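Per Swiss-Prot, domain 'YcgL' is recorded for 10-94, and the stated evidence type is sequence analysis. Here Swiss-Prot flags 79-105 as region 'Disordered'. Here Swiss-Prot flags 95-105 as compositional bias 'Basic and acidic residues'.
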């Protein structure tokens, strides 16, 4: 892609972790995963390619601020999207194995 077409945009690749559901790595498409620190890759596990896309500041992402994603990729070579926090209503529901136990009842 020519530089004129991508002015102010960023062509990226997105990878998901097989180890941690909901964890994704965004990287510059041309550089791939080579700028991601080894220690992070060790914790991320096998990186499965999901898609390639052009990040554009005027086009929002579902779970991350697109401008922050672009800035992190340009500064450090990657952006790590963490899994969303557990749904508090689901977490507190009766029968959830991790629901805190009340001892005053």
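Cβ coordinates come from backbone N, Cα and C, glycine included.
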Which residue counts does DSSP give the domain 'YcgL' (10-94) for helix, strand and coil?
26 helix, 26 strand, 33 coil
Could you give the mean pLDDT over the domain 'YcgL' (10-94), rounded to a whole number?
91
